[in-house]
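Now, the feature entries from TrEMBL:
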- 125-143: compositional bias 'Polar residues' (COMPBIAS)
- 263-275: compositional bias 'Polar residues' (COMPBIAS)
- 1-100: domain 'HPt' (DOMAIN)
- 334-543: domain 'Histidine kinase' (DOMAIN)
- 545-677: domain 'CheW-like' (DOMAIN)
- His43: phosphohistidine (MOD_RES)
- 121-143: region 'Disordered' (REGION)
- 263-283: region 'Disordered' (REGION)
Amino acid sequence: MSEAVDIFRQEALEHLDTLEAALLELEEHPDDEQINLAFRAMHTIKGAAGMVGFDHLSHFTHHLESFFDRARNGEFELSGPMISLILKCRDHIQQLLEQSEPTAQMVELSEVLTQQIQEFAPQSPGESQASMTSPQVSPSLTESSEETMLWRIEIKPNELAFQEGFDLLPLLRELDGLGQMASFYQLAPIAFDQLDPQNCYLSLLVLLEATDNKDAIEDVFIFVCDDWQIQIDAIGGGDFEACSAQLAAHGWLDCDALKAVGSQSNQPDPSQKPTDNVKKKAPVAKKAASSKAAVEGQIVKVPSIKLDILMNLIGELVIVQARLNEVARVEHNEQLDALAEELSLLGTELRDTAFDIRMLPIGSTFARFRRLVRDLGNELDKDVQLKTEGAETELDKMVLDHLGDPLVHLLRNSMDHGIEHPQQRIAAGKDPKGTILLSAYHHDGQILIKIEDDGAGLDDTKILAKARQRGLVGAHQELEPSQIYQLIFEPGFSTADQVSDVSGRGVGMDVVRTSIESLQGRVEIDSHPGKGTSITIYLPMTLAIIEGLMVRVGDEHFIIPLSVVEECIETLAKEQSSSDCARLVENRGELISCVRLRELFAIDGIQPAIEQTVIAHVGKERLGITVDEVIGQYQTVIKSLSRLYQHVPGLMGATILGNGDVAMILDINKLVDEVKSPMESMPIIDRD
């Protein structure tokens, strides 16, 4: 039963997301199609909940289903307060999904919400009773009842269906709700000594006359286990009564036999002219439905843990491949070289395919924030619209899973501190409705996510004064605006005059930076007083396997993520104390902060006369990394660091080389922070 319940919960959450998106769209752009989507979501959850034993949930969602049924029939128009109430019901359903049996408080809340629904859309006692006993008719049946189709549906549950808690009656009620239905059963022949009274030996044959396409019928079976045998065949525009009579008389008839019955009963009267319009339209609808079903049939859902295991195995394969390359190089064996090259190509293809499987569009995360902005706007008495761009941009699932909370913090701060109240915006000559733009796109091998608002902007004077008051900045120290804005990420830092339920405690932005840095990312802020603030998050494409640039310092090897590398230049070594590892390098007329790895990590060895400096970029920052030698590109499997190395600045992980040695992977974000000091105090490296 646990498998069926898990499937139900997962699919029900997706239907709740559909409901929420439809409600938010209805609030901005009333549309009958959105009402139908909401109705279908509640209709599906109600039926499936009854199948897996969630009777209270099934009863509660029935009231919502009836509510949307009446709304789509034009009995009333959905208002803002109604939508707010249904959103509360949506949250309550999510809580009910988490419990096999509802608590007393949940039952009480269900009754309160049901009463509020009935107050918004009261029903007469007769209507209420009818809605509880009569099957729901699908939207398409009420809109175009003249275009019906016969369907033959064969249902064979697995033997353990009853033990797993499935009830076949809700399935039949769901099908009955789509139109006119007749059902027949068949028992599997089984020897008496093999009979188990707890097993299911029942097969069902259903004849359904409905206007719904195959997708709607398949939705009825969305929560059944994969080992059930479900066969859905279209008979065409046959005669329901004639076909059902033949089934009752002759028993189990196949699809061809039923089509023959239907064609005989539908022979046209010679005195009547044929109607071409129906004949032309039906095949098109059937083709579209079958095409969609074919696409959906290709989708396979797997637990994310299996994808993690797959990536780990591919990582081990990459390490073995590197060892083979090293052996081939040492042995000077042409056959081994060819084999290693072939394995490298196959490994790269396998890695890229696995990456594609793990990549998900960020639009699913963006969609969650429409509700957040709406609710916060009501709470703060602000009129704010959320716009999104780049919803199709794909991220690694691991990155996406950890991105939600930081974005919530940033949006809450933008709503509370950025966007002004309507009266203030009007006084400033702005549109009373504020706008937040949430966008995502690929750039230079990274994912960039921006949160932009047209609010008041950041007050750098106020931020700097608060920082000096807390001792974060010296009394006479001057900072650039970009440096001042970064101060809001300090732990406990807040310029709010009072603490609210939304923000003001000085913990949110610190959490944002910590979370983004744990994803090997970076956050930058740009703000213009009176015009708004833009926050940009830079993230890597993946956290599993990366392309890197291998460098050497003494006997130690390091990996620099290739996505941040701009170019490599030669520099002359200069005498300098080991305690001072930061300096400047001049490149193309620009002074770039530079860090020497030999001195940063106290590596012994003879310093070469001519060193190599790798120019890397992180967001708007550029950094030079001085090493002894640049070796070349290297496919890198990221391994986590032991506790001994986890807090060493400038390191994000390690990888195993082909010869068995370990190379450290550099964290360029942390290295940028390490060299952030006044440029005037740094020596300049000569390139002559």
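Cβ coordinates are placed from backbone N, Cα and C, and glycine is handled just like the others.
Automatic prediction, not curation, is the source of TrEMBL annotations.
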For the domain 'HPt' (1-100), the mean pLDDT of the predicted model:
87
Reduced DSSP assignment, the residue listed as 'phosphohistidine':
helix
So how many of the residues in the domain 'CheW-like' (545-677) end up helix, strand or coil by DSSP?
14 helix, 73 strand, 46 coil
